[in-house]
Amino acid sequence: MYQQIDHIAINTIRTLAADVVRKANSGHPGAPMGCAPMAHVLFSNFITANPENPKWPNRDRFVLSNGHGCALQYILLHLLGCNLTIDDLKLFRQTDSKTPGHPECHLTEGIEVTTGPLGQGFSNSVGLAIAQAHFAAVFNQPGFDLFTNHVYVIVGDGCLQEGVASEAASLAGHLQLGNLIALYDDNHVSIDGDTEVSFTEDVCKRFEAYGWHTQVIADGDNDLEGITKAIENAKKVTNKPSLIKIRTIIGIGSKNEGTEKVHGAPLAPDDIVEVKKKFGFDPEKFFHVPNEVYELYGQYREKGKAAEAQWNKLLENYTAKFPEKGNEIKRRFSNKLPEGWEKHLPRYTPSDPAVATRKLSENVLNKIADAIPELIGGSADLTGSNLTRWKTAVDFQPQSTGLGNYSGRYIRYGVREHGMFGVMNGLTAYGGLIPFGGTFLNFISYGLGSVRLAALSSFRVLYIMTHDSIGLGEDGPTHQPIETVAGLRALPNILVFRPADGNEVSGAYLAAISNLNRPSVFCLSRQNLPHLEGSSVENTLKGGYVLKECTDAKITLTGTGSEISIVVEASKKLESEGVKTRVVSLPCFELFEEQSIDYKSSVFPDGIPILSVEALATFGWSKFAHANIGMTIFGSSGPYQQLYKKYGFTAENISEKAKKTIEFYQTTPVPSVIHKPF
């Protein structure tokens, strides 16, 4: 089946990996060299994709979970003709190159997900597999198998040691994702040395316990037929994800092959010379690709182009027969929202009863879930607390369980916060879906690795985080997210919302869903909050706005979320004492900072001191306020009313602090909080 040209192609990948990393003087040559055979088998016989259209919906997805082998992915993209030149490979790990130090999907065409932190790509692959199963269940019809792709992921020992991968693997086994095939690069090496020092478990037995189908290839360096047969067998197992354990030699051909010395450092120049000689290449040639290898990979490219052309024709025939469904597919993958969906967002007046913002979030989901059919999500075993399941929801479950089906859009993630967030990134990367996931705000910390990658990747994912402050009460400081919001606000390219009432909740959803290139965090209260005079959906889109204006005000009171209604009470108390006040609601720092200088200056005019109130850490408020009321220690257990009184979140304490702030600035110039351009 395999010919001499296949071995030449494999050795081309190996020698290119050595050259790429050596030129950068940084990187990981060993894994690409060891994984070259399995990668070649995948791309020559199994993966169907069109490099000229890397976003074709029914392409097979390839994920390199082990970011240490990123040179392998770039080399494959180059050979396939996916807009990466030899000169791009020479810029590996250079500033603003198409070949950054780890694969980044927003920088390099053909990269499905941003990996690097170990285990993330594995969890993403589970999300990609869920997405395929869902699209197949919703749209495939007899004679029209539009969504048939598989997800292939290469993982290493490091990935399989990370907890996020274990969480995702457990979920994938439960969900019986037969479209997911993981190739485990079993090279027995990690940065610290041989894996015997820390990782001696039987991985196959663990995955069998998760519900995976497993196979073992003893010689992954040479047994191309064995790897091929194993993947064929895996594709036949449609009710289980598959793990193929493939024994390889890291850095094969180098003088330090099989050791950690070839893992995280370039090969020495003299070593590269010997490697090239061993594999039949001219040691005087660098970044060399034989013409016959380009021709071979050109055949794979043409096969992918033909497959997409055939699929496009199938889609047109499908649309002619099922126009509503066909047009829905086209709409989703063009990243367009349903017309008029925002009209379903609820709006409120002060006469409406007080409601917790987590409940108001549930109200939004019930209004928009059917209007936005690409919305898909769930909760980390806190559905009854996060209120993330809408009334018409069907669970995403294997049909055989009797618990739901793959057309369902509600995912029971179980107690797997980090895995949930990693899966959500994969769902987004597939295209045509808007994922959300819920847990307590404090426990977003479990999954910050995935949250950070969502922001870095410009993925639209929604984090529905409830129990947002000391206001959660009796659960105490272990559950109270004192520092969490400050940390989230420090992340680039993310929107953090802490809405104060129903209109701000609706506005947060409008902003988050309309924003195609940023994740959003909703920080939602457990306790009931009144609907405020002056709040609106539209004002929320500005991130901050004047809730109560006052001519000749002596102070501006500002805050977020559940404290705004208390701030309003404090304002009334101050007014009754003859102290004129303004009130500003600031539900989203990030959106507010994007407004014009003139607008921001109208919200926080110069010359008036500003006092912020938030039942969280005060870190970060210095850019908007001159004085703060917040948490500088951990909270405690008790009913939220008692805690708010204990820590000073009362109208009485706020008004007293406001008067002291005014007094201080009577003799001291009031600095502007709005930074003017130089």
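Cβ coordinates come from backbone N, Cα and C, glycine included.
What TrEMBL lists as active site, proton donor is GLU417. According to TrEMBL, the thiamine diphosphate binding site annotation covers HIS68, GLY116, PRO117, LEU118, GLY158, ASN187, HIS263, PHE443. Per TrEMBL, the feature Mg(2+) binding site maps to ASP157, ASN187, VAL189. Among the features that TrEMBL reports, domain 'Transketolase-like pyrimidine-binding' is placed at 355-531. Taken from TrEMBL, the feature site 'Important for catalytic activity' applies to HIS28, HIS263.
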### Query
Taking each of the binding-site residues LEU118, VAL189 in turn and counting other Cβ atoms within 10 Å of its Cβ, which one has the fewest?
LEU118
### Query
What are the non-local neighbours of GLY116 (thiamine diphosphate binding site), defined as same-chain residues 6+ apart in sequence with CB under 8 A from its CB?
GLY67, CYS70, GLY101, HIS102, PRO103
### Neighbourhood of HIS68 (thiamine diphosphate binding site), C-beta criterion under 8 angstroms, separation at least six
HIS28, ALA31, GLY156, GLY158, HIS263, GLY264
### Query
Near PRO117 (thiamine diphosphate binding site), how many other Cβ atoms are within 10 Å of its Cβ?
18
#### Entry: Those residues of the chain, 6+ apart, with a Cβ under 8 Å from that of the residue listed as 'active site, proton donor'
ALA380, THR439, PHE443, ILE444, TYR446, GLY447
## Note on the structure
Expressed in Å to no decimal places, the gap between the Cα atoms of PRO117 (thiamine diphosphate binding site) and ASP157 (Mg(2+) binding site) is 13
### Proximal but sequence-remote residues of the same chain as ASN187 (thiamine diphosphate binding site) (Cβ under 8 Å, at least 6 apart)
GLY30, ALA31, GLY34, GLY156, ASP157, ARG247, THR248, ILE249, ILE250, GLY258
### Message
I'd like to know which of these recorded positions, HIS28, HIS263, is least surrounded, judged by other CB atoms within 10 A.
### Response
HIS263
## Note on the structure
Note on Mg(2+): the CB centroid of ASP157, ASN187, VAL189 has further same-chain residues inside 8 Å, namely GLY156, GLY158, ASP185, ASP186, HIS188, SER190, THR195, ILE250, HIS263
### Query
In Å, rounded, how far does the Cα of LEU118 (thiamine diphosphate binding site) sit from the Cα of VAL189 (Mg(2+) binding site)?
14
#### Entry: Cβ neighbour count (within 10 Å, all chains shown) around ASP157 (Mg(2+) binding site)
19
### Task
Tell me the Cβ neighbour count for PHE443 (thiamine diphosphate binding site), meaning other Cβ atoms within 10 Å of its Cβ, over all protein chains shown.
18
